[in-house]
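As given in Swiss-Prot:
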type	residues	note
DOMAIN	42-118	domain 'FAR1 1'
REGION	119-144	region 'Disordered'
DOMAIN	375-471	domain 'MULE'
ZN_FING	650-686	zinc finger
C-alpha cells in the first residue's frame with residue numbers, strides 16, 4: 001500500500017481519489033505506507049479532523065547504530081495527564097521506517113476515552129494535503145485544500161528592492177495587497193507558499209515569528225541533491241523538538257523551506273502546533289547572530305546546533321576563537337565539500353546565538369574511524385602552552401600503528417557543554433560508533449562529557465597531564481621516593497601487586513594524608529598501567545605517551561592565514577606516510593627468524609610493523625620455560641618464567657576445547673597481539689597455527705576493507721554505501737599511484753581495470 005500526499009497548498013490532480021479504492025476510506029490501518037513521517041502526521045491530522053479530535057506529535061525512537069529516527073508516534077492531544085485538559089487518552093498511531101526509506105503504520109489504537117467533537121477545524125493554519133491510497137474495494141475520497149496566494153518577503157512598498165541576505169525589515173511585512181487588491185496574510189504569520197531570497201531570510205523570519213508567539217528556534221535537518229550534493233531543503237524547528245535533552249519534549253512545530261530553480265526558497269511544509277506552553281514576547285536570540293559570524297549564510301552550511309545545555313548555565317560563555325575564523329573556515333569547508341561529498345562539519349551556537357565550537361572531518365577520516373576508531377585519543381595539546389588556536393584533534397591508530405586523523409575541532413571554551421557538544425557531534429559524524437577506549441585529559445568538564453556521551457568507554461587520562469601534575473606535586477620529594485614511585489607504576493604486573501606496592505610506599509614515607517596522592521590513587525583505574533591492561537588501547541604505548549598528529553607544525557605562533565595550509569600539509573604528509581607503509585607491506589618480504597609455521601602465517605597476514613612486533617615476541621618466547629601447574633578436564637594452567645630470572649613469571653590458562661588462552665600479562669587484551677608467554681605454551685602444546693580469533697583484522701594488510709566482513713553488524717544501508725564509496729575511492733587512489741609509476745605498470749593496470757569492469761557489468 002502506498003499513500004501519497006502533496007506539498008502544503010497544492011492539490012493532486014486526482015484530488016484525493018484512491019487507486020483501487022476500497023471501503024476503508026480515510027480509516028488508518030496497519031500496513032499503510034507513507035513516503036515520510038511528515039506525510040504520516042499530515043494524514044493522521046486529516047483523519048483526526050474528520051473524526052473530531054486533535055493530534056500531537058508523540059515519542060520518537062532512534063536507531064542504536066547511527067542515532068537516526070526509526071519510528072514515531074502521533075497521539076491524541078488528550079494523551080497523558082500533564083495538563084488539566086488531558087485525560088490520558090490511549091489513541092495513537094505509530095509509523096516505522098523501513099530499509100527502503102518508506103514509513104509504515106505498524107501500531108494503532110483507535111479508541112478514545114473522551115467524547116469526540118465530530119468534524120472540527122484544524123488548529124494549525126496549514127492547509128491539509130490531499131491523500132491518495134490503495135485499498136481493496138471502491139470508494140471515493142476528497143479533501144478540500146484551501147489555496148493561498150504566494151507572497152514574497154520583499155514587499156512592493158519597497159519599490160522592488162531585494163532584501164539583503166541575513167537582513168529583514170519587518171515593517172515591510174504588514175499585510176500587503178496583491179495585484180487583485182486582496183490583502184495577503186501578514187508575512188509574520190508563516191504559511192505554505194511564502195517565498196524568500198535566501199535560507200538566511202527564512203531563518204530570521206521564523207525566528208522573529210517565534211519571538212512573537214513565544215518559543216525558541218533550532219536549525220534542523222537538511223536534504224541534499226543526489227546530483228550535485230547542494231542543499232535542496234531545510235527545516236527550522238522548535239527548540240523543544242526531539243528528546244536528546246531533558247529540556248526537549250518532542251514538539252512537532254516546524255517550518256520547512258525548499259530551494260526553487262530560480263535560487264529562491266519557498267515554505268512547502270509547516271506545522272504550527274506545539275505540545276508545550278508558549279511565552280509570547282520571549283526573546284529568541286538563538287539565531288540572530290549567525291549571519292554576523294558566518295557570512296556565507298545557511299544556503300550551504302551543513303549543521304548549526306544550538307546547545308540546549310547552555311540554557312542551564314550562565315547565558316554568556318567565553319569564546320577563545322576569534323570571530324574572524326568563522327567565515328574563513330566556512331569558505332574552506334564549502335570548498336572541501338564541493339570536492340568531497342563525505343565531508344562533514346558543524347558549528348555550535350550558544351544561547352545568545354553566537355558561534356562557538358567548530359567540528360569537521362573529511363570522508364577519509366570518517367572511513368578511517370570505521371576501521372580504527374576502537375581506541376581514540378582526544379588530543380588537546382594546545383592547552384599545554386599559550387596557543388592562539390584552540391585546535392583539538394580526534395586521533396586513532398591504523399594497522400601500521402601510525403596516528404590517523406578522525407576529525408578536527410576548534411574548542412570555544414573548556415566547559416562541559418562545549419566538550420559534550422563536540423563529542424556528540426563527532427559521534428554523529430562517525431555514524432554512532434563509540435570507541436572502546438579513549439585517552440583524554442582529566443579535567444572535570446572532560447571527564448563529565450566523556451561519561452555522558454561515551455558510556456561504557458574506558459576513559460584514560462592523558463600522560464602529559466599526569467606528568468605535569470607529578471612534576472608539580474612531587475618536586476620536593478627525595479629522589480629515592482621518585483624511584484620507588486616509578487617502580488610501583490611500571491613494574492607492578494597486576495592490580496593487587498600495584499595496590500600492595502602503593503600502600504607500602506605511602507606508609508614508608510609517611511604520605512598517607514597527602515591530598516594529591518590520595519586523589520590520584522582513587523582514580524587509579526584511569527591512569528595506572530596495571531589497571532588499563534584489561535582494556536584495548538591498540539597502538540598507544542603502555543605509559544600513555546603519543547606524538548601529536550601535527551607535531552610542531554601547528555603551534556602558538558600559527559596565524560589564521562597559515563592555519564589551513566599547515567593543516568592540509570600536515571594531513572597530506574601523514575597520509576603519504578601511510579601510503580608508503582601500505583606499499584612496503586605489500587611489496588617487501590621480511591626475513592623469517594624461525595622455522596615455526598606461525599611465523600610464516602603472520603608474515604603473510606600482518607603489516608610489516610605489526611609482524612615485527614609479533615616476530616620479537618616469538619623470538620623472546622625461546623628464552624622462557626613453561627611448566628604445567630594444573631589440569632582439570634579441558635582446562636590447563638601453566639607457569640611461564642624467564643630463564644635466569646625467577647621474578648619474571650606469568651600464568652597462562654588454556655582451554656583445549658576451543659583453544660582459548662589468556663595470560664596474566666594481558667598483552668592481547670591491551671594491544672591485540674599475542675604475548676611471548678602464550679606463544680611459549682602454544683609451542684609446548686604443538687599448536688603450529690594461530691586460531692583466527694588471535695589475529696585481529698585491524699592489524700592485517702587488508703584492514704582498510706574490514707567493513708566488508710561486518711555487513712550484518714547493524715550498519716544501515718546508507719552508512720554501508722558511504723563506507724563502500726570511501727573505501728573504493730581510497731583503493732582507486734592507491735591503484736592510480738601504483739599504476740602510473742611506469743608505462744608498463746600503466747598498461748597492466750589499465751588491462752586489469754578493463755577486465756574487472758567487464759565482470760562488474762555481468763555481475764547480478
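Yeah, the Cβs are placed from backbone N, Cα and C, and that goes for glycine too.
Averaged over the zinc finger (650-686), the predicted model has a pLDDT of 95.
Residue counts for the zinc finger (650-686) by DSSP state, with H, G and I taken as helix and E and B as strand, are 14 helix, 10 strand, 13 coil. Broken down by DSSP into helix, strand and coil, the domain 'FAR1 1' (42-118) contains 10 helix, 29 strand, 38 coil. When DSSP labels each residue, the domain 'MULE' (375-471) comes out as 37 helix, 28 strand, 32 coil, counted as helix, strand and coil in that order.
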